[in-house]
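S.K.: When I checked Swiss-Prot for this same protein, it listed these features:
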DISULFID  45-58  disulfide bond
DISULFID  53-69  disulfide bond
DISULFID  71-80  disulfide bond
DOMAIN    41-81  domain 'EGF-like'
CARBOHYD  34  N-linked glycosylation site
CARBOHYD  95  N-linked glycosylation site
SIGNAL    1-18  signal peptide
TOPO_DOM  19-100  topological domain 'Extracellular'
TOPO_DOM  122-140  topological domain 'Cytoplasmic'
TRANSMEM  101-121  transmembrane segment
C-alpha cells in the first residue's frame, strides 16, 4: 500500500514538473480510498517525545507502534546514545574502493630477483652443454 502511494506521489510530481515547463500532459490518477493515507508515514513525536532521543529526532512510524529515533550524523543506538568512532565512520562510507599499488621499491626487488634467476638459469644451461662426457676425457 505504501509503495502504491509513493508511486502515485512520484507520478504526480513528474506531471507537475511537465505542467510547469509548459508541456501539457493530461492524465487521470486513480483515487486512493484508504483512509490511512491522510496520515504521513513518518511524523515527529511531539511533546511526548521530548528528551527521548539523546542526539537525534524522535519519530512515529505509521506502520509500527512506538517512538523511534532518527540519529544525527555521528551517533547510533536505539536512543542515539552511542558515538560512532571515526575509524568506523570511514569504513562505512559508500562507494569507497581500496586498491593496492605496490611501491617502487618492492617492484625493483621483484624485477631484480627475476633478472638474477634468468642469469643463473642461462649460466647453468651453458655449462651443462659445454661439459665433456667422462669417457671422452684423456688422462695424461
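The chain as shown is numbered from 1 upward.
For all residues, glycine too, the Cβ spot is worked out from N, Cα and C.
Where in this structure would I find these features, and how exposed are they?
M.R.: Taking all protein chains in view, 19 other C-beta atoms sit within 10 angstroms of the C-beta of residue 58 (disulfide bond).
Residue 69 (disulfide bond) is surrounded by 22 other CB atoms, counting those within 10 A of its CB over all protein chains shown. Secondary structure at residue 69 (disulfide bond), as computed by DSSP, is strand.
Its Cβ taken as reference, residue 71 (disulfide bond) is surrounded by 19 other Cβ atoms within 10 Å in the chains shown.
On the 0 to 100 pLDDT scale, the topological domain 'Cytoplasmic' (122-140) averages 71 in the predicted structure.
Not one residue of the same chain 6+ positions outside the transmembrane segment (101-121) places its C-beta atom under 8 angstroms from a C-beta of that stretch.
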S.K.: List every residue in the same chain as residue 53 (disulfide bond), at least 6 positions away in sequence, whose Cβ is under 8 Å from its Cβ.
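M.R.: Set apart from residue 53 (disulfide bond) by at least 6 residues yet with Cβ under 8 Å, we have 69, 70, 71, 79, 80.
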S.K.: Measure from the Cβ of residue 45 (disulfide bond) and count the other Cβ atoms within 10 Å, all protein chains considered.
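M.R.: Taking every protein chain into account, the count is 17.
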S.K.: What is the number of other Cβ atoms found within 10 Å of the Cβ of residue 80 (disulfide bond)?
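M.R.: Excluding its own Cβ, the number within 10 Å is 20.
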